[in-house]
Amino acid sequence: MADGGIDRKADEKIQFSTSKEVTVHPTFESMSLKESLLRGIYAYGYESPSAVQSRAIVQICKGRDTIAQAQSGTGKTATFSISMLQVIDTAVRETQALVLSPTRELATQIQSVVMALGDYMNVQCHACIGGTNVGEDIRKLDYGQHIVSGTPGRVADMIRRRHLRTRHIKMLVLDEADELLNQGFREQIYDVYRYLPPATQVVVVSATLPYDVLDMTTKFMTDPVRILVKRDELTLEGLKQYFIAVEKEDWKFDTLCDLYDTLTITQAVIFCNTRRKVDWLTDKMREANFTVSSMHGDMPQKERDSIMQDFRQGNSRVLISTDVWARGIDVQQVSLVINYDLPSNRENYIHRIGRSGRFGRKGVAINFVTSEDVRILRDIELYYSTQIDEMPMNVADLIS
């Protein structure tokens with residue numbers, strides 16, 4: 001995987017709307033990183049920093065509060081992982097950096113990136129997530145973890161129970177901040193933040209930063225440095241977006257069955273808006289003798305993990321999911337995303353289709369649109385300054 005899988009051509013075109021004091025560091029060597037961390041970076045497959053890495057890593061390592069906005073597949077996770085690994089002292093077995101993510105899968109993925117990049121540093125990093133054994137969390141945290149990557153509920157719980165000690169924490173990272181700061185997690189984040197030392201550095205990372213999120217960050221960030229991608233750059237380049245007009249909801253299923261052979265050319269993800277719809281569609285597809293797997297937030301964590309693993313390894317080729325999957329989950333082979341339901345929140349559109357064609361691979365997104373959905377589709381087009389065309393007959397050629 002050359003260059004950690006980042007698409008250089010698309011990366012060079014990203015236009016940053018960034019604080020004036022931010023300098024660009026064209027190589028990892030020029031960032032004054034620890035030798036053991038550099039070894040981990042190169043072993044991971046990175047050769048040179050992506051656009052967001054070349055700007056954000058040094059600012060974060062300097063201790064600046066940072067808002068970094070970059071689209072999926074530009075190396076966002078490695079940006080803050082490298083920064084955390086640079087600032088922690090592995091000789092002190094206490095939690096020094098904390099990452100909060102909106103989903104358990106994302107929290108686990110961040111932990112594995114940290115462990116891989118920190119391979120030569122003897123780093124301890126634990127994924128502290130709901131749906132798993134509390135006893136295991138307590139054992140790991142009592143042993144001492146340099147970095148904790150978790151979901152807000154479980155992290156807040158472990159802090160309250162005094163197993164996650166906060167006095168040495170110097171950095172808090174909010175990943176997929178737009179989702180985290182939506183109503184669901186806002187209270188829990190404030191809860192966690194209250195326990196952190198007053199001088200804790202805050203790093204906010206997300207593909208989309210609506211104004212209300214930026215507004216809220218002022219509450220716990222001091223003079224943040226901003227590294228922002230312009231709004232109209234946000235639809236991933238090289239990604240073909242189509243819609244299929246289905247007169248009514250009932251016709252979506254037949255349309256999906258007609259497309260099934262196309263789906264299995266590579267791997268595909270199908271998004272529905274509710275957990276119930278995911279279960280319904282999965283059952284209906286299986287009744288019609290189609291092989292599909294499915295995942296949503298109601299499932300036990302173990303089951304979600306094994307479904308993810310099967311999908312990552314390519315054992316299952318079509319995954320039906322809710323937006324729990326849409327945020328930051330990196331599966332290389334996905335080159336087709338189907339929005340069986342258009343997302344109810346337009347910010348989620350980019351997170352969903354950002355799965356397909358990650359890292360510059362060709363990707364196709366297909367939206368099923370009933371007459372009631374036309375307005376939502378137009379709204380998405382306007383919001384992202386993009387054009388979504390009617391799907392051509394030869395869609396299979398575009399994917400293969």
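Even glycines carry a Cβ here, placed using N, Cα and C.
Checking Swiss-Prot for motif 'DEAD box' across the ranges 175-178, 231-234, 275-278, 295-298 points to 175-178. In Swiss-Prot, the feature motif 'Q motif' is placed on 26-54, out of the ranges 26-54, 84-112, 316-344. Within the model, the motif 'Q motif' (26-54) carries an average pLDDT of 89.
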